[in-house]
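**Q** If you look up Swiss-Prot, you'll see 1-17 marked as signal peptide. Feature annotation from Swiss-Prot assigns disulfide bond to 21-53, 30-48, 33-44, 37-74, 55-68. For 21-74, the entry in Swiss-Prot reads domain 'TIL'.
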């Protein structure tokens, strides 16, 4: 029975680790829209996407490095 606490601890660590987001990102269980540099006119989905970290509402995803940045930092702004 000594393995039970170890298993619980491992599951807890794994569950919290997947919610670690990068700078200017936040976790959502139901992301619907994420702005991307160069695609500000792209319509947003009305259904939930896959749970993930996505850019904060006032930030844009820069391609190809995937960082979340201010709109003015987007290439060719």
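Residue 1 is the first one shown; counting continues down the chain.
Note that Cβ sites are derived from N, Cα and C of the backbone, with glycine treated the same way.
Not measured: the values here are computed from a predicted model.
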**Q** Near residue 55 (disulfide bond) in space, meaning Cα within 10 angstroms, which of the disulfide-bonded residues do we find among 21, 30, 44, 48?
**A** 21
**Q** In the structure shown, with every protein chain counted, which of the disulfide-bonded residues 21, 33, 48, 68 has the densest set of Cβ atoms within 10 angstroms of its Cβ?
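**A** It comes out as 68.
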**Q** Under DSSP, the domain 'TIL' (21-74) has how many residues in helix, strand and coil?
**A** 3 helix, 13 strand, 38 coil
**Q** Compare the Cα of residue 44 (disulfide bond) against each of the disulfide-bonded residues 21, 37, 53, 74 and report the nearest.
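**A** Closest by Cα distance to residue 44 (disulfide bond) among the disulfide-bonded residues 21, 37, 53, 74: 37.
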**Q** Within 10 angstroms of the C-beta of residue 55 (disulfide bond), what count of other C-beta atoms is obtained when all protein chains are considered?
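**A** Taking all protein chains shown, residue 55 (disulfide bond) has 23 Cβ neighbours within 10 Å.
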**Q** How many Å lie between the Cα of residue 21 (disulfide bond) and the Cα of residue 68 (disulfide bond)?
**A** 11
